[in-house]
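Accompanying notes for the structure given below.
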């Protein structure tokens, strides 16, 4: 079988002209990366969001768990589980953020950002769903059945509100991680 093989001949290529520094056009460096936006992992803003997530989820968990009749309602059990997961996830990532800030490391590795984006997406979705379910049951008990006298409506409302606040703090973390992942 007679097959011809292509040969490669190097062709001289001229380098593009150097860009001069100009007030309107600063020079471009090879491999320039986007600055770490506040709220992303490894920044002070990211650490603040993690602590806010942790505090709100922990308060939601502790308020709901201290009521005697939360195990009788599935939505409240779900809220306790979701708030527990959210608080553990946020505490672990807050510790990672503290480490990154102390060492001066950037957490913009593809695998790390992927893990953070998936974890934030899962925990924030679970927290939001649990808060919505608990809000529905709380409205049912308080407004529709009118039985707040024999239930802990104030504690249920407080725990649900804290779960929503935890979700409000988790959502920017997820969106920033997802944006960082999508912009690669």
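The count begins at 1 with the first shown residue.
Any Cβ shown, glycine's included, is placed from N, Cα and C.
Over in TrEMBL, the protein carries these features:
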- 40-169: domain 'Casparian strip membrane protein' (DOMAIN)
- 1-22: region 'Disordered' (REGION)
- 47-66: transmembrane segment (TRANSMEM)
- 78-103: transmembrane segment (TRANSMEM)
- 115-141: transmembrane segment (TRANSMEM)
- 161-182: transmembrane segment (TRANSMEM)
Report summary line: For the domain 'Casparian strip membrane protein' (40-169), the DSSP helix/strand/coil residue counts are 107 helix, 1 strand, 22 coil
Report summary line: Within the same chain, the residues 6 or more beyond the ends of the transmembrane segment (115-141) and with Cβ under 8 Å of it are 41, 57, 64, 73, 75-76, 78-79, 81-83, 85-86, 89-90, 93, 107, 147-148, 151, 153, 156-157, 159-160, 163-164, 166-167, 170-171, 173-174, 177-178, 180-181
